[in-house]
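Quick notes on the structure that follows.
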């Protein structure tokens with residue numbers, strides 16, 4: 001018995017160490033080598049693409065920013081044909097962030113509620129069709145959302161805007177001077193509808209994966225259905241919901257056509273979410289790129305670089321939030 | 001506190017499938033009753049009918065009566081949630097809440113039941129962890145996640161969580177089957193201590209374990225696959241393992257089973 005274990009455990013001393021090392025890496029068989037090459041190549045390709053995008057954006061942006069007479073970050077103007085050119089991203093950064101925040105505030109709670117309903121409340125024959133309809137929402141092209149927003153949503157916002165102005169107008173954030181409701185709030189609501197499916201679907205998958213034993217643990221303690229969700233489902237799904245929200249936020253930050261169709265853009269910041277005006281990075285690029293000079297394009301690319309950085313920062317922040325409570329996540333259960 | 005369980009004519013279904021049929025038995029307070037029998041004989045299903053966890057499974061339903069002292073758990077107007085607060089349960093695989101600390105795991109049931117002051121919670125948590133023979137091992141890391149403990153410690157944490165709400169009955173569904181022998185011994189010792197305070201019912205596949213920990217043993221069997229499981233006999237553990245009155249029980253215990 002002893003000798004037999006020795007033979008299987010210890011490598012024959014005659015074998016050269018180089019072969020051993022390769023065996024440990026699992027790359028001796030052709031299939032393994034090919035797969036290793038493919039997967040490693042894909043990983044490297046991704047990094048190369050990201051680096052290339054960043055390099056392109058940075059190069060073209062630097063051409064523009066070096067000639068900008070205004071402060072690129074704080075100027076409330078976009079006039080690339082002026083001599084000297086004056087442009088800045090303050091309005092765009094504000095509009096992009098504000099419209100996305102509105103969209104998240106509206107969409108995340110609704111999406112989580114829908115996902116919980118589908119996984120824990122709805123009877124199975126109902127949850128399938130509902131999930132399918134939500135998937136369909138994700139398949140609608142954004143220009144269709146834009147048209148719907150401009151033709152249907154905007155004319156119907158007057159009632160809501162009047163109500164908000166009556167009761168919350170004193171805050172300043174919800175005051176309304178009676179202009180067409182092509183404002184940040186309308187854009188935010190439209191974006192919320194657009195990002196709802198992705199957040200709902202990812203959250204639903206996460207909630208579905210909550211191990212039954214955790215839900216039973218809560219049930220056996222005498223938890224009601226809501227308490228089971230609070231004790232076992234939501235904490236387990238927390239990081240997944242954050243990831244889902246980040247996917248949605250990414251879409252909201254970069255959404256172009258729907259915003260461009262609904263918003264009536266101006267190059268100033270409205271204190272009220274209800275008064276028309278403002279702009280977002282993507283909307284501004286889309287509406288100006290066609291007629292821009294080469295220099296004008298560089299300036300728009302510079303604004304694109306800022307959007308790129310904002311998106312990276314948001315993703316980084318989300319990862320930090322998830323990592324901070326890693327040891328409490330369901331992953332090590 | 002510890003209550004008597006009186007089951008009569010209990011039949012449980014999964015959809016149209018009859019899982020167990022016409023089971024009647026009495027479980028005395030402050031005793032340990034072990035359920036043994038081959039896989040699929042319905043002993044776990046029966047255990048889960050005792051705290052109305054069976055009906056959580058889709059299609060699960062129950063006919064018959066389960067009296068806890070004089071209260072019918074399946075009577076009309078009885079809330080299954082309140083039943084489960086009276087009848088605690090420990091599962092096969094240790095299942096502490098992974099997102100909660102050790103302290104919060106033990107306090108979880110109390111927090112469901114109402115508002116407690118921080119000091120009250122601390123007292124109960126300490127008492128429960130001591131009751132589960134876990135206090136000395138975790139007292140310095142109560143704020144660490146429960147999932148960082150070993151399997152045996154996690155299972156004792158689950159027991160602490162279950163006894164923290166002072167249930168009348170403690171159900172254990174193969175509590176040691178995922179544990180090593182040392183951890184198993186720790187749980188078995190604990191069961192011996194807990195029966196001073198609780199009525200305990202334990203499902204086990206390990207017949208030595210049943211012989212070691214229980215006062216009474218119930219043998220379940222099914223006549224064929226797809227047929228409902230039935231209670232063959234229930235008697236003092238000593239008698240079941242030395243001189244059972246039914247031949248099938250003796251065959252099963254002596255390993256002569258088909």
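Every residue, even glycine, has its Cβ placed from backbone N, Cα and C.
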*If you check TrEMBL, which stretch out of A:8-29, A:162-183, A:228-249 is marked transmembrane segment?*
A:228-249
*From A:130-154, A:255-279, which range did TrEMBL mark with transmembrane segment?*
A:130-154
*asked:* Three or more CB pairs closer than 8 Å, sequence separation of 6 or more: does that hold for the transmembrane segment (A:228-249) against the transmembrane segment (A:85-118)?
replied: yes
*Other parts of the chain folded back onto the transmembrane segment (A:85-118), taken as Cβ under 8 Å at six or more residues beyond its ends*: 64, 67-79, 127, 130-131, 134, 184-185, 187-189, 191-196, 199-201, 203-204, 206-207, 229, 233, 241, 244-245, 248-249, 252-253, 259, 263, 267-269, 273, 278-284, 295, 299, 302-303, 306-307, 310
*asked:* At a C-beta cut-off of under 8 Å, are there same-chain residues at least 6 beyond the transmembrane segment (A:184-207) that contact it? List them, or none.
replied: 95, 98-108, 110-112, 114-116, 118-120, 131, 134-135, 137-138, 142, 145-146, 149, 153-154, 157, 161, 233, 236-237, 240-241, 243-245, 247-249, 251-252, 255, 258-259, 262-263, 270, 273-274, 278, 280
